[in-house]
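What follows is a set of notes on a single structure, which appears directly below.
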Amino acid sequence: MKLAVVAVAALLLAAGVASADEFDFFYLVQQWPGSFCDTQAGCCFPDTGKPAAEFGIHGLWPNYAKCRPAAGAVADDDDGVVEMVVDGGAAVERHHRRRQKCWPEYCDDGNKLRPWEIKDLVAELDANWPTLSCKGGKSFEFWSYEWKKHGTCSGMGQHGYFAAALELKKRHDLAAVLAGAGIVPSDDESYSLGSIRDAIAAATGAVPNLECNRDAAGETQLFQVYQCVDRSGKKLVDCQLPMQGKCRDKVKLPTF
């Protein structure tokens, strides 16, 4: 029996299937809705209405401390260190996934999110984890996707996974943190990227990573804040991995 278990584990490893416990830390990713909505693609509000003008959860993502070769990868001359460890930008993600894998995903496709598991969290999730995608107006579809792709690799149960993300977000209101440092939503002002990072680090006790995008006019703006969390899903820690998050020295924080 033990030999059979070992053999199955070896086959899964060879196929590139990650186990639910095989990661080093989490990213708690929160996005600024103004920067989601003012792009050329725009946004759509969920069926619960327009979200509040505050950072909303995108996901709680298990991550590797060091990228590893992807299954079936073939090294080539430009096969270097992956600096951009983000879960957005399909073209960038495909480019790096050919050679390196920086996070586990889809660890148990059969473990679908069950509504009754999180029924006591729905009001909080609607307020703090809304969808802005125009693909569908129901946030449950967004939560289901995040659970299937990332939550199944977290080592947590369904309720525990979403409760952990909500608890982490509750500790620090990022919009209020930035406002306390004089960084407020504006359609005209630009802010130093370093001042944004420093303000969040000072308030939370941990250095974050930042990701930017472009508005419809091509201006660089703060899009997402990546806070690193230990494997327990409870303690914020400094983000150690470098991230090329499409940012410049000066960025905007648009109104919403």
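Cβ atoms are placed via backbone N, Cα and C, with glycine included.
The active site annotation in TrEMBL covers His58 (among others). Taking Cβ-Cβ distances under 8 Å and a sequence gap of 6 or more within the same chain, the neighbours of His58 (active site) are Val29, Gln30, Gln31, Glu146, Gln224.
Taken from TrEMBL, the feature active site applies to Glu146 (among others).
A C-beta separation below 8 Å, combined with a sequence spacing of at least six in one chain, links His150 (active site) to Gly59, Leu60, Trp61, Pro62, Trp103, Glu105. The active site annotation in TrEMBL covers His150 (among others).
Annotation source TrEMBL lists signal peptide at 1-20.
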